[in-house]
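Following: one structure in structure tokens, then a few remarks.
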Number of protein chains: 2
Amino acid sequence: MSDLLERLRGRGWRLTAQRRVVAEVLNGDHVHYTADEVHALATSRLPEISRATVYNTLGELVSLGEVIEVSTDGRAKRYDPNAHHDHHHLVCSRCGTIRDVHPAGNPLSDLPEQERFGFAVTAVEVTYRGVCPSCASA
Amino acid sequence: MSDLLERLRGRGWRLTAQRRVVAEVLNGDHVHYTADEVHALATSRLPEISRATVYNTLGELVSLGEVIEVSTDGRAKRYDPNAHHDHHHLVCSRCGTIRDVHPAGNPLSDLPEQERFGFAVTAVEVTYRGVCPSCASA
DNA sequence: GTCTTGACTTAGACAAAGTCCAATGTAGGA
DNA sequence: TCCTACATTGGACTTTGTCTAAGTCAAGAC
């Protein structure tokens, strides 16, 4: 993760305690926190961090391409630090749990030219939905 | 569209002026209105319809499987009446315009068993993103 | 080490999207 | 026509996110 901080500093990012804490909270695999969850976790390490700073920092990480914004349910957006490995998401329709998945094939090449309507298509997101094992057994 | 109203009545739906108006507003192809847009259009036909009723009715149409809820941007959800023809969405990253598209292949079968983590996977949504012709030329 | 400055952070007001509730109205069967 | 369970209403409330003005501070210059 200090990789990330190094990279950010290299891009002229001013390194503050608040930004470091947000980056640390997002460290790890299979992390998909909402902004509020990030704020709660950040607060436990740096009690005086404000909501606005969390939102600002998350927004910057997204525009720097270090974090991906995911909105699977039309409610709070979630932030996925796994930005450097192509993947898609599998979401539980009951509890909202998210898993990273790697489908075969390339959906981008599955969209024929005449179905692009002149758009310059640059990205594709695939969201699988279903019921997770623990919700199914409950 | 009276098909829809017939079908709903057959399911025991109580047919009110408000519900009829909401269903009429959603009539058509390539319709992807927000709840607010539906409310505005409904109001022009039935001025006293309330926001709560629009939300209730949209929610019911969704649970009846007559309308699909789409959230492409983490802002307002959009409602897509094209629920009986399998399709996916192409979204302009600048203006938010949505087009229905029909990619080749079946992304559901692209998710191998070991990538399902025990989930009972029932649905998949594919969202293509890019810049539409009119935003590109502007 | 200290100074300076522009970028960063803060608290709180504000906004957008959606939910909830108690009171009122009404569709459709008896 | 009447009844009643279901639908609608308006407004308060919640959640999620944005904005701003004032204060703070990281990091380069000296």
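Think of each number as a place in line: the chain as shown, counted from 1.
Using the three backbone atoms N, Cα and C, a Cβ is placed for every residue, glycine included.
These come from TrEMBL:
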type	residues	note
BINDING	B:Cys92, B:Cys95, B:Cys132, B:Cys135	Zn(2+) binding site
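For B:Cys132 (Zn(2+) binding site), the same-chain residues that are 6 or more apart in sequence and have a Cβ closer than 8 Å to its Cβ are B:Cys92, B:Arg94, B:Cys95, B:Thr97. Each of the binding-site residues B:Cys92, B:Cys95, B:Cys135 was checked for a CB under 8 angstroms from a CB of chain A; the ones meeting this are B:Cys92. Annotation note: B:Cys95 (Zn(2+) binding site) sits in a coil segment as assigned by DSSP.
When each of the binding-site residues B:Cys92, B:Cys95 is scored by how many other Cβ atoms sit within 10 Å of its Cβ, B:Cys95 comes out lowest. Under the DSSP three-state reduction, B:Cys132 (Zn(2+) binding site) is assigned to coil, being neither helix nor strand. The C-beta environment of B:Cys135 (Zn(2+) binding site), restricted to residues of the same chain at least 6 apart in sequence and closer than 8 Å, consists of B:Cys92, B:Arg94, B:Cys95.
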